[in-house]
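Going by TrEMBL, these are the annotated features:
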DOMAIN    3-59  domain 'WHEP-TRS'
DOMAIN    37-393  domain 'Aminoacyl-transfer RNA synthetases class-II family profile'
BINDING   Asp130, Leu131, Thr132, Arg157, Gln173, Asp177, Arg326, Tyr330, Tyr331  L-histidine binding site
COILED    390-417  coiled coil
Amino acid sequence: MADRPTLEDLVRLQGERVRALKQQKASAEQIEEEVAKLLKLKAQLGPDEGKQKFVLKTPKGTRDYSPRQMAVREKVFDVIISCFKRHGAEVIDTPVFELKETLTGKYGEDSKLIYDLKDQGGELLSLRYDLTVPFARYLAMNKLTNIKRYHIAKVYRRDNPAMTRGRYREFYQCDFDIAGQFDPMIPDAECLKIMCEILSSLQIGDFLVKVNDRRILDGTFAVCGVPDSKFRTICSSVDKLDKVSWEEVKSEMVGEKGLAPEVADRIGDYVQQHGGVSLVEQLLQDPKLSQNKQALEGLGDLKLLFEYLTLFGIADKISFDLSLARGLDYYTGVIFEAVLLQPPAQAGEEPLGVGSVAAGGRYDGLVGMFDPKGRKVPCVGLSIGVERIFSIVEQRLEALKEKVRTTETQVLVASAQKKLLEERLKLISELWDAGIKAELLYKKNPKLLNQLQYCEEAGIPLVAIIGEQELKDGVIKLRSVASREEVDVRREDLVEEIRRKTSQPLCIC
């Protein structure tokens, strides 16, 4: 019997023979006979004990992006970035990993989801959990007290992801933050305006932005009798009210977190309320809350916030919701979260929230945690949940059976006769040098029909056709793929004509 290396060579050669026969469309009997020989050789080869079976897959909670998905993603990013820039933001970037101590103690109960890395070169590192803590570290390190910035990058969470709902272990965040000492609620109102502008521009359905204030929550807990030491843990229970019933939240507070049932009931009377500025005014008159300094400050700021939101024309998109808690420890004031709405099942019912797509809030103490002298830099910001938005846009395009262009090619340089490769190469070089996005088929003498079919498949809108007659006349035949109309354009005018015909506004699909 032949040794293993010889058998492996025979298997490889026989496999190539089978593939060649299939490409040549040989008879089924011939292919069958050669496949039988291949299987016999593989049987002689037997299993390789030294090799483990390798499964090709992406790690849990991650995904590859196809060209189609990338095209959708880039268009979503274009909408978001153009809005951030319209509001005067600068862009920064930070490392994908931070010193472990930078991230420790900033996320409350969510700290268990941080990815720790092995000790490399004497430093304990962790992958960033969000973009806010690295931003605060950046401000403190560079002694910055005033900046309006955006940052789009990947973050990492050691979660059990529900990928079907746009939740991953590795995902993008799109953050916008305003840092600096300003008059109350003006930057906060602008953040809410930006959130509404982006969600409206993306056309992903009706949405509602829930607003609350950490000071109102803490004041509520205090007047209801929650011990100071339990504020944060009770806060994380309240934050689940958008997903589970009050009975389940109360059960967790009492059974798991040791809160007295009557205290939980008092909390329930408050956190199940939601409304507009009238609810703010009602709570300002509440005999208990109005005696709490923190709650009073929060309610006063919310009243002012609603005035600015009315001036921005978005007050109808905002709901004051006392159940909104936002689990992260670093929030100190106004907090907000945008949810997509599902149309009501029955007439008269309220629309249902079907998932958060953006969130944010005020975090005035975070920078001071990094500053050696404890100097505080007030900050407010928002984060767009782009992974969920990608999923929604993709589903919508699938449902509409819409084609998504995966390239931005404006024109294909084609030839009508043989032996015109040199002319095609000269013309496409001219177009590239002029900044035109152009392609050509990598064949010496492609058929015109094949070139036109390629344009239709790739969504290329124009074809610049070179022929012997066109070369003599000093023109190029410019063909519109959709209408099939053709015009002769003087070679020196071609760039301008392509630009004119392909200028179009930005859209998602």
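Easy rule for this one: first residue shown is 1, then count along the chain.
Glycine is treated like the rest: Cβ placed from N, Cα and C.
Any TrEMBL annotation is an automated prediction that lacks curation.
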By a Cβ-Cβ criterion of under 8 Å, what residues six or more beyond either terminus of the coiled coil (390-417) are in contact with it?
67-73, 76, 165-166, 202, 204-205, 340, 357, 423-424, 427-428, 431, 436-441, 445-446, 448, 451-452, 454-455, 458-468, 470, 477-478, 498, 502, 508-509
If you count, for each of the binding-site residues Thr132, Gln173, the other Cβ atoms lying within 10 Å of its Cβ, which residue has the minimum?
Gln173
What's the number of neighbouring CB atoms sitting within 10 A of the CB on Arg326 (L-histidine binding site)?
21
Give the maximum pairwise CA distance in Å, whole number, for the residues Asp130, Leu131, Thr132, Arg157, Gln173, Asp177, Arg326, Tyr330, Tyr331 listed as binding L-histidine.
21
Tell me, what is the mean pLDDT of the domain 'WHEP-TRS' (3-59)?
82
For Tyr331 (L-histidine binding site), list the number of other Cβ atoms lying within 10 Å of its Cβ atom.
25
When the domain 'WHEP-TRS' (3-59) is classified with DSSP, how many of its residues are helical, how many are strand and how many are coil?
38 helix, 0 strand, 19 coil
